[in-house]
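Quick notes on the structure that follows.
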């Protein structure tokens, strides 16, 4: 019989260890105690997994190691000073396992620290005792649920009905023993027979009775145990040192993944994902049956059927499914209709349907699926029907470039090496007999490289000659060079087989690729170009993305930047954009403005690329954008090289993986050490670089003090200071920083910290409204009392007579839209908002927008002095509901899809130009000028106009958002080449 032995010790540093000898459950005999002093008890139960032979099934332990949590002791609570050891040990015996107050707490019955136990459970399987890491010395508090687990084990065997003895103790306790609520403390006793009532032990603070009740009295805990126990009992072994002797059946390697067996009466089919894909793991479902590829109708199709399709293709699960031929209309027969699956079928052919070819559907109803990007570990392609199927796509778990020459083994990124695919758990090379440059082009694109190059074939022949054993994949690849992923390539000819069944590559060697990195990722970087060389302005750019190589696609046509409508936007067209920008192929073609809405015209619609174009403007497209809006702006996520930047940075001490103290890995005295970053002058721009480097999205907050986040004590030393970033760096180490570290305040309490977010707002000013509403007003000083109090006038206003004087004001309206993917919220909390008597509401941001009047050489001649702002939703698009308002001390912000309107007739919505002489000027409005709040795109925060003032009237013209035109057009508008962004350039 397979047995478990559960032992708990209660005294610090001491344990009771018991050996099981097929105990007599009726008498309690057969339990021999070792080191039994101060030992409280043991419960010996039959394994809930059945006999020991059932534990010998190969792979069960390995699966537990791969996918289940390991059994660890929780952090102990401090011992109560009023709970001496004698009190904790009183009333326990060897015959049953008494779970104590901790079990009651684990089961939801209360209990306080200082009255529990000190060690985790121990587990014994057929005579082998394995020991988990025990709690620290002096810790009376076990991991939550351990003792409840012990309590729940016995009834599973049900050799004899187990009973629970639950003495009810007093609910009183010292006020300082535990901050939690007063609850009646109880204990759970696991025993093989009822235990008669006992008198209270000497010195015990509790009174025990003989009350007995069923084990189900702690249902929440026990229900969880019943579900998790089989896995935990196996996973428990994985937390112990390798020096321990494992049972033989745990030492066996786990078997490779095997596709579920298809019943013999079910026809064998093959599946593929086709059509206008936006990711390689999605597409129109096509079935190969009766020698022909066909589609599946969307009638009655469900997520369960989608799961079956995705798993049959080697993906972990399905995310969703699509109807109405969203990936384009298929061709050929519609093989299946009214498909019903439970989700557990091994193949789509095992699901019920109308029958093969029996349908009333048309190809306008072809179904598609969206599968998870994650592949099934150990998935192996079924090649049994390869010779009977044409145009079969490649299905592999993973692919890699393995560097074999010493010159490439220590480079980042890896650009050259053997091409290997993972089949099952084995990496195999691809024979180069049918290898082409088109195959290399696709592989390089998958790893973030825009192109490929030739390599030194002689060097690789020497490497192959020295290696006697090479494992080859049984197939070759047949790519056209336009695919974004090898799953879209076809299987090439099968390699020859040796008579001994070993796959060989006759007269060939492993396929090799040598990829060319883009300019951003090249080892030398942009500095390799001569200073005199000035590249032409690109015709395409990305905006609003959280990571490098992703964003909304914008195209330059006729000197103006515009967006692309997502009609017919697919992975092939997106890959053309990615390679044009120096990245690899696209891993996702983003639709529905999920990377933010653009501004300006929509230049391209219904783009159809073949994949061989050098630029997106070379593709076939429709120049008309009827029916399109910026809610349909297209975007891309490109494959980028693995630079290893994430390994050099980490967040520590935060409440979740998206926040914490910034710690960097640097070399000090010849060794790599982790350290903190000085928080002095740390801002949101630097935090943006950190979040991007870690792949966590945008920065929502930057912290200059992190005393409340306790990181690794060995990482408290400051290793980087004076960090200043522009916001475009790939890594924090690429930002400017001090050569000699200097942080007077120290890095423990004043280390830099960040909080990251997957989304961010994006504020854009309506330039057309500014141009249409601008006018001059001469306003008497007597009506500007609030403006004087808030310092909204020029300095000369203090010398103006308050009874007879006046000020000339340039008034205008500003409408600020939030085009991002989250709400714009002020940096300060409500406690820091400022009350303004004149406006009768609170202002949440002291600096939100700058209004400036500049002469043509960029010198500021007048500026608005609006002291602070109240942010609210004035209007919203469509059916979006308003969320923020200034009245009644309401919450402030700008909802995604809404705008905040500052009318021209409110106080301080002006620039005082009383002292400005007539002439030509530039008018500029800058939103969020100090980068106090995170945004997905800061480049569109500035609005610029040309204006002419004749001393009596003013004209505004050419108002536009900065960066919305080409550099040449911008210079024509402004006649000042240095004013290209939020800050004045000194060029």
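Using the three backbone atoms N, Cα and C, a Cβ is placed for every residue, glycine included.
Residues or ranges marked as compositional bias 'Low complexity' by TrEMBL: 66-85.
Among the features that TrEMBL reports, disulfide bond is placed at 297-361 (among others). Counting only same-chain residues at least 6 apart in sequence, those with a Cβ under 8 Å from the Cβ of residue 297 (disulfide bond) are 334, 336, 337, 338, 339, 359, 361, 365, 366, 367.
Summarising the annotation, TrEMBL assigns disulfide bond to 310-371 (among others). In the three-state DSSP scheme, residue 371 (disulfide bond) falls into the strand class.
Counting only same-chain residues at least 6 apart in sequence, those with a Cβ under 8 Å from the Cβ of residue 351 (disulfide bond) are 305, 308, 339, 340, 341, 342, 345. Under the DSSP three-state reduction, residue 351 (disulfide bond) is assigned to coil, being neither helix nor strand. The disulfide bond annotation in TrEMBL covers 341-351 (among others).
Residues annotated as disulfide bond in TrEMBL: 479-489 (among others). Around the Cβ of residue 479 (disulfide bond), the number of neighbouring Cβ atoms within 10 Å comes to 21.
Under the DSSP three-state reduction, residue 609 (disulfide bond) is assigned to coil, being neither helix nor strand. What TrEMBL records for 609-619 (among others) is disulfide bond.
The DSSP secondary structure for residue 735 (disulfide bond) is coil. According to TrEMBL, the feature disulfide bond maps to 725-735 (among others).
A mean pLDDT of 92 is what the model gives for the domain 'SRCR' (271-372). Positions annotated as domain 'SRCR' by TrEMBL: 271-372 (among others).
Annotation comment: TrEMBL describes 401-516 (among others) as domain 'SRCR'.
Marked as domain 'SRCR' by TrEMBL: 540-639 (among others). Using DSSP to sort the residues of the domain 'SRCR' (540-639) gives these counts of helix, strand and coil: 16 helix, 38 strand, 46 coil.
Residues annotated as domain 'SRCR' in TrEMBL: 649-757 (among others).
For 50-86 (among others), the entry in TrEMBL reads region 'Disordered'.
For 163-211 (among others), the entry in TrEMBL reads region 'Disordered'.
Note: the Cα of residue 609 (disulfide bond) and the Cα of residue 489 (disulfide bond) are spaced 17 Å from each other.
When the Cα of residue 371 (disulfide bond) is compared against those of the disulfide-bonded residues 479, 489, 619, 725, 735, the shortest separation belongs to 489. When the Cα of residue 619 (disulfide bond) is compared against those of the disulfide-bonded residues 489, 725, 735, the shortest separation belongs to 489. Just so you know, of the disulfide-bonded residues 310, 371, 725, the Cβ with the fewest other Cβ atoms around it within 10 Å is the one at 725.
The disulfide-bonded residues recorded for this entry are 479, 489, 725, 735, and the Cα of 489 lies nearest to that of residue 310 (disulfide bond). Each of the disulfide-bonded residues 609, 619, 735 was scored by the number of other CB atoms within 10 Å of its CB, and the largest score is that of 609. Around the Cβ of residue 361 (disulfide bond), the number of neighbouring Cβ atoms within 10 Å comes to 18. Calculated from their C-alpha atoms, the gap between residue 725 (disulfide bond) and residue 489 (disulfide bond) amounts to 42 Å.
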